Each structure stands twice: as C-alpha cells, then as structure tokens.
C-alpha cells in the first residue's frame with residue numbers, strides 16, 4: 001500500500017493550530033485586562049474562571065495523545081476488555097465531589113500538598129510534593145513522545161526533530177499566559193480533538209458499511225471481550241482490573257492531583273466545581289469510548305492485512321496515523337485536522353503538567369526556603385523560569401520513552417509508582433484522624449519504594465522477554481504485496497496472557513492494580529507506625545481537615561482544637577492581594593459611602 005504523507009494544506013491546518021495556541025498565551029500575557037503577574041492570577045486564574053473552559057481543560061488534560069493513539073492500538077492488538085474502564089469514571093467523579101473536593105475547597109489552598117502540611121507537618125508536605133514532581137517527570141515525556149511518533153508517521157520527519165518544536169510552543173504559551181492561557185488553549189484543543197476523532201471514525205465506519213459490520217468483523221477476529229470475570233490478578237486485563245483496579249488509579253489521578261484541585265479552586269463556588277467534575281466525567285466517557293471504537297474500525301479495515309506484520313509500521317501505537325494517511329489521506333486537510341487533534345491532546349496535557357508542577361515547586365519548595373516575603377514581580381519571574389527548566393528536562397527524558405512497550409501500559413505502570421502513595425497519604429489524612437506525621441511519612445516512602453520496585457522490575461522483565469503478553473491473532477491473507485510471513489495466524493482463545501514460567505509473582509501483577517497496592521501499603525504501614533509512635537487524639541484534629549463523610553462517627557471536637565492556619569508567607573500574600581483590591585476599588589467605596597449616607601438620611605426622615 002502506498003504511503004501518503006502530509007501535503008501543504010495539512011501543514012497549513014496544523015500550523016494554524018500551533019499559531020492560535022501561541023497567540024492565546026500572548027493575549028493573556030500582554031493584552032488581557034488582568035495580566036498574569038501575580039501568584040493568584042498565574043496559578044489560579046484569579047479564581048474567576050467559568051465552568052465551560054475549566055471543564056474542557058480537565059477533559060483535555062486527562063485525555064492525552066496516549067489515549068488517542070494508545071487506546072485504538074490496545075483494542076486492535078489485545079481486544080476490547082480495557083474499554084470497560086469507562087464504567088469506573090462516574091464512580092470516581094461522585095467520590096471526588098462528595099469526599100475530597102469539599103475539604104480542599106474549604107481550605108482554599110493553592111497547592112494540593114499544602115493540605116499535607118496542615119494535616120501532618122512540613123516534611124510530609126515535602127514528600128508529597130517530591131512524589132508528585134517525580135510522577136509528572138515520568139508522565140510528561142510520554143505525552144511528548146506520542147505526537148512526535150504520530151507526526152513522524154504522517155510526515156516522514158524524524159521524531160527527535162519534532163519534539164523540541166512541540167515543547168517550545170507549549171512552554172511558550174504556558175510560561176507567558178499562566179493558568180488562563182492553559183485553560184483556553186485546552187478548550188480550543190479539546191474541540192479539535194473531538195472533531196478529528198469523530199471525523200476519522202465516521203468516515204472509517206461508512207467505508208466498512210456501518211457499525212454492525214464493524215462489530216461483526218471484530219467478533220470474527222476475537223476482538224470483542226468485555227466480561228472476562230477471571231479473578232486472577234496476574235491476568236493483564238479482566239473485568240475486575242479494568243473496573244475495580246482502574247477506579248483507584250483514576251481516583252488518584254483526579255482527586256488529589258494538583259491539576260484537578262488547582263482548576264476546581266479557580267471556580268467561584270463548590271457547587272460549580274462539582275458540576276464541572278461531572279461534565280468532565282461525561283466528556284472523558286465519550287472520548288474514551290470514541291477512541292476505543294476507532295480501534296475496532298482500524299481492525300475491521302486491516303483485518304486481512306496487518307500493517308505490523310507487513311512492516312508498514314514499527315509499533316502498534318502508529319496504527320491510527322497509518323490508518324488516517326492510507327484510508328483518509330485523499331480527503332483534503334483531514335490528516336492535518338487529525339494530527340492537530342493528536343497534538344492538541346498532547347499539548348494540553350503537557351501544559352497542564354508544567355503549570356501544576358510550577359505551582360507545586362514554587363509553593364512547596366521555593367517559597368518556604370525564603371526568609372522574607374517574595375514580591376509578586378519576583379514570584380512571577382521565578383515561576384516562568386521554573387516552567388522553562390522543567391520543560392527542557394522533560395524534552396531530554398523523551399529519549400528514554402521510545403524504548404518502552406505499549407504506551408497505555410507504560411504510562412499507567414509508571415504513574416502507579418507514585419499514584420498509590422499519594423492517594424494513601426491524602427486518604428489517611430482525610431479518613432484516619434489518629435494517624436500521625438511519622439506514620440504518614442513512613443507509609444508514603446514504603447509505598448513508593450515497593451510499587452517502584454514492582455513497576456520497574458516488570459518493565460525490565462518485559463524487556464528481557466521474561467513476561468510475554470500475546471496479542472490477538474492477525475492475518476495477512478488479503479495483502480497484495482509479496483511477503484515472507486505466513487499467510488494466516490491461527491485463532492487462539494487462550495485467555496492466559498502472562499507467561500508464568502518462573503517469573504516473580506509481583507512482576508506478573510496487572511499494572512492496573514499498582515495504585516491499589518500502593519494505597520493499601522501506605523495506609524497499613526502508616527497506621528501501624530502511628531500506633532507505635534503515639535497516635536493523634538482524634539478530638540484534636542480539626543474537622544476542616546477531615547472529609548465530611550466521617551464527621552458523624554468521630555468524638556466531639558475538643559474546644560481548644562485550633563483551625564488550620566496558613567503559613568506566614570500565605571498570610572503576607574493574602575495581605576498584598578487585599579491591599580491591591582482596596583486600591584482598585586476606591587471608586588466603589590466612594591459610591592458605597594454616598595449610598596450609605598442617603599440611607600441614613602432616609603431612616604432619620606422615617607423616624
């Protein structure tokens with residue numbers, strides 16, 4: 001099959017997307033009524049953001065190019081069992097709205113990890129911040145690599161030449177425009193992402209004769225599998241791992257993630273934040289389902305001529321770009337629209353990561369070491385330099401990503417190293433008032449080390465060939481090119497996906513359980529250590545630091561229990577913001593005093 005590359009119209013569409021993204025950053029940096037030169041504006045959007053852009057930003061942030069390319073590749077290669085992850089999204093959203101978000105919103109904290117200082121101490125906060133930074137440094141390079149891989153596929157340009165271009169644009173608008181630029185570019189990119197995916201799968205379905213034919217071909221190819229109820233935790237994907245295991249993985253990604261909390265607190269009320277979360281859940285449910293269905297369309301298209309077997313592509317993650325260029329490449333601008341959608345998903349995830357990492361580094365690592373207040377001008381400069389530095393580091397780490405396996409598994413495996421310990425730390429603080437700082441610190445470290453050992457050990461075992469995940473059967477019977485490969489790979493209905501030939505049990509554990517294991521280890525170790533080092537008195541832990549769900553079962557709060565206090569840096573920061581508000585509202589004060597005088601005169605007259 002002839003390889004088709006971008007033409008001038010595709011490059012024009014793609015360039016327009018990058019240009020508009022950059023211009024949004026320029027607008028909020030230089031032309032908006034409120035410049036991004038204060039901590040509140042740069043990190044929180046002045047807490048005046050609307051629900052629509054925040055919802056779109058959250059959708060774009062959590063649906064990266066990993067999902068757009070990795071989910072179709074997963075459906076094509078291993079079948080549809082992973083599709084059932086969408087069932088856990090709604091439960092996660094409800095959990096966040098009821099249990100986690102009210103606490104964070106009530107405290108009004110800039111950094112999520114400020115909660116760990118208020119609940120435990122500064123050392124636990126530092127641990128949480130470092131774990132989060134490690135998590136993002138592991139995640140963002142994968143996000144960058146994905147669009148570079150896809151762009152290389154559709155243009156023939158080396159991906160390591162593309163990577164710096166992607167990152168420079170993203171770093172540019174994130175650095176200049178702060179949270180508002182990130183949110184509004186995410187909104188633009190979410191629209192492009194949806195449009196690209198819907199157009200491609202719609203055209204592909206039409207070519208195949210409708211949805212019924214797509215599912216029929218996939219049924220014949222043994223791709224349809226939704227209810228593998230085997231309880232064995234070493235099977236890569238079962239109903240239990242994709243629904244129950246993924247629940248904790250997604251909960252860690254959303255409930256205690258700096259990006260989520262930072263955006264929710266940018267809204268004006270808790271009610272609006274909750275509505276936003278459910279809009280996000282609906283948006284993610286739709287886009288994940290569209291991506292999974294796209295995988296079925298791709299398989300139905302290449303059911304008799306597998307492009308991996310023929311050498312047309314090198315990795316399964318290139319299936320979607322290959323499909324777009326070979327099947328829809330003749331439609332003007334469609335490949336450009338598709339690549340704009342993939343890059344949009346990647347840019348939004350990267351910009352969100354850079355902005356949230358910048359907030360954590362500044363608030364948790366830089367500000368506490370200063371002995372005197374940091375001026376807003378210096379704070380803005382430091383945060384922008386921080387974005388540039390971590391962006392450059394992420395670009396350098398991309399070279400390690402291309403040696404990993406499937407993107408979905410690699411991304412979730414690396415995220416699981418830190419997700420479980422973070423979820424465990426926050427859950428201990430919210431649900432277990434007797435746990436102390438020593439227990440939290442010990443539990444967090446133990447959890448990170450254990451899951452890190454499991455995850456990295458599993459990746460190493462897969463590289464050595466000790467763990468094999470057999471793909472679903474493929475065929476090359478319908479290929480027209482000469483090939484030395486066997487004409488047909490027999491169907492196999494063997495559901496045992498991991499090779500059990502002596503590999504260590506924990507290395508064979510499904511990666512979807514990593515977060516659950518990490519959370520359990522963190523809470524159990526933390527509780528035991530707290531017991532032996534002197535547990536907290538639950539009556540002395542302020543109720544603002546505990547989820548409202550457990551208040552009714554707790555003993556009455558001690559009258560001398562103090563409300564959580566902000567640091568001196570925060571007090572000075574809020575004092576400066578209050579001073580600016582007073583200076584900007586002089587006219588309103590004058591009007592208010594005049595109206596007050598008239599009201600007094602009216603009252604006197606009535607008397």
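Even glycines carry a Cβ here, placed using N, Cα and C.
Heads up, TrEMBL stuff is auto-annotated, nobody curated it.
Per TrEMBL, the listed range annotated as transmembrane segment is 381-401 (candidates: 360-380, 381-401).
When the ranges 465-487, 488-510, 511-533 are checked against TrEMBL, the one recorded as transmembrane segment is 511-533. Looking at which of 237-256, 277-302, 381-401, 413-432 has the most CB pairs under 8 Å to the transmembrane segment (322-347), the answer is the stretch 277-302. The stretch from 51-70, 126-151, 277-302, 381-401, 511-533 that makes the most Cβ contacts under 8 Å with the transmembrane segment (439-456) is 511-533.
Taking every listed stretch (12-30, 191-217, 237-256, 511-533) in turn, the largest tally of C-beta pairs under 8 A with the transmembrane segment (157-179) is reached by 12-30. Listed by sequence, the residues of this chain that lie at least six past the ends of the transmembrane segment (51-70) yet keep a Cβ under 8 A from its Cβ atoms are 142-143, 146-147, 149-150, 182-184, 186-187, 189-191, 193, 197, 253-254, 259-260, 263-264, 266-267, 272, 275-277, 279-280, 283-284, 287-288, 291, 317-321, 341-346, 348-349, 352, 406-408, 411. If you look at the transmembrane segment (12-30), the same-chain residues 6 or more away from its ends with a CB under 8 A from one of its CBs are 6, 36, 169-170, 172-178, 180-181, 184-185, 188-189, 192, 333, 336-337, 339-340, 343-344, 347.
Contact between the transmembrane segment (381-401) and the transmembrane segment (126-151) is supported: at least 3 Cβ pairs lie under 8 Å, counting only residues 6 or more apart in sequence. Using the rule of three or more Cβ pairs under 8 Å, pairs at least 6 apart in sequence, the transmembrane segment (237-256) is not in contact with the transmembrane segment (126-151). Put simply, of 126-151, 191-217, 277-302, 413-432, the stretch with the most CB pairs closer than 8 A to the transmembrane segment (511-533) is 413-432.
Looking at 126-151, 191-217, 277-302, the range that has the most CB pairs within less than 8 A of the transmembrane segment (413-432) turns out to be 126-151.
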